[in-house]
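S.K.: Would you mind keeping the following structure in view while I ask a few things?
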């Protein structure tokens, strides 16, 4: 009965989650950013966003390379569909593993007892609309669920060592490997994977096993970190640098929590889960076939760490730590997204719950009936809340408006802005303001140009490329090929709709190394905390830098000053670390200077940057005459 009811619950939740996620299928602009990198990988340009500039534009390393493999296997299939399929499958797999892990947690105490397994925490998670939104989206959210579900299931198995069978070194190595990969799934998951590895090291009974844990858990993340430092010249992805993950915005973080909680009253299931968990702990048995006796080199602390209660504390503590991390960061601009993983962790111990049928063995029948009644009542409360929350209007009228909080329902925002209920491909985003016009502008400038967004959604401001009048560059060299660059915030939809030879740059620093090294603005919209002036972009390229070649709202003096500021030796070193050809010498130099490059910041006002760097302020022409 227990096993049948567990699998029925798993199947029911997976079907509901899959159906609900498919009804809200989409690919986010940030998801398209990842696909631009995958396009470059498939084209042989390396893991970059723009050719000739080594920027790690994606937070999840594992998700990037998983999509790369999927795109390679998929061949002619559109990358958007590959991302959609992988995200959906991994989301469902994560939910299945969560429930199987929780079922395994309770299984030993249910041996020989009659019980029905019912979904509880799993229902809560899939009822929250953002959980179904980000089950697709093209972001790493599905991979996050699959990873957390797998780690939870494996940690539960590890916490239940059998007396009749010694621990398998293969399983131990696999668990250490999975825990070590946490930082490749998302950088902040190092808190989760690191804690799991520490628990394993404490419980390990021999030095040989400790060495195995360290090697299996540390080899891949350490190897990739060395690659990141040498190839990108940074300690962290460019996305972390752009959002200054070392900073804190506690007040904005609390606004984000409130924004996530208010539409769904999330406190209700969380409050109900506490007495539910306590009742389940009261009713559980201590089965004799688990290892309860002392063993050589296996002391009290090791036994306490390698136990189901410790693993429950681990997953709940991980959820709390992740939530605190994101609250400190200020949350995100996407409604609910970054709090889904903490919620998933907090609900894991009650993903499914056993309803014990009274048998008079451990409790009197009357006590057993009271216990069943209490558990059933709490479960009905959770199920009722789930039904209500699943049909919640969410953020309501504010879902598609960028209000003072800076938080929007990203799926609804892009559905409204593109006119597509399910924006799935880059072509769907051509109906987003300015997107169709950018293709026209690129086709109309065969000699090369920098495109700046204008106030008119149907046109772009153009800055021509400097071309030698004789057709040859100084010194008799052939003239440079026409180049195009586009300066825009939505670099995902833009990057996927233009060729890989078009440089796509942003002002917030996700794909622009110059913007990434500016200071974080204190009161800016969360996730968009940096804002590089377009004057820098004109100065940092082969573009005309004087009137009338530049738009009237650009200050030519600022362009001149920005061009001079780019000659700052430290700034040139940072830019050369990602733009100079990668050689062994460059790689080793980047490794040695990656800490310095990660900490380096410039002032976004060119004049102030010149003063900071100790350079002379050049004399330049004033603004253009006004008619």
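Heads up, the Cβ atoms here are built off N, Cα and C, so glycines get one too.
Pasting the relevant annotations from Swiss-Prot:
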type	residues	note
SIGNAL	1-28	signal peptide
TRANSMEM	81-101	transmembrane segment
TRANSMEM	115-135	transmembrane segment
TRANSMEM	138-158	transmembrane segment
TRANSMEM	183-203	transmembrane segment
TRANSMEM	211-231	transmembrane segment
TRANSMEM	263-283	transmembrane segment
TRANSMEM	307-327	transmembrane segment
TRANSMEM	338-358	transmembrane segment
TRANSMEM	370-390	transmembrane segment
S.K.: What residues elsewhere in the chain lie close to the transmembrane segment (81-101), defined as a C-beta under 8 angstroms and at least 6 residues from its ends?
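M.R.: Residues packing against the transmembrane segment (81-101) from afar: 6, 9-10, 13-14, 17-18, 21-22, 25, 27, 31, 34-35, 66-67, 70-71, 74, 119, 121-122, 125-126, 135-139, 141-150, 152-156, 344, 347-348, 351-352, 424-425.
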S.K.: With the transmembrane segment (115-135) as the reference, which stretch in 263-283, 338-358, 370-390 has the largest tally of C-beta pairs below 8 Å?
M.R.: 338-358
S.K.: Taking the transmembrane segment (263-283) as the reference, which of 138-158, 338-358, 370-390 gives the largest number of Cβ pairs under 8 angstroms?
M.R.: 370-390
S.K.: Six or more residues out from either end of the transmembrane segment (370-390), which same-chain residues have a Cβ under 8 Å from its Cβ atoms?
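M.R.: Hits for the transmembrane segment (370-390): 20, 118, 120, 123-124, 126-129, 264-265, 268-269, 272-273, 275-276, 279-280, 282-283, 353, 355-358, 363.
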S.K.: Residues sitting near the signal peptide (1-28): Cβ under 8 Å, six or more positions beyond its termini, same chain?
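M.R.: Sequence-distant neighbours of the signal peptide (1-28): 80, 83-84, 88, 91-92, 95-96, 99-100, 103, 107, 110, 113-119, 122-123, 126, 129, 132-133, 135-139, 334, 352, 354, 390, 410-411, 414-415, 422-425, 492.
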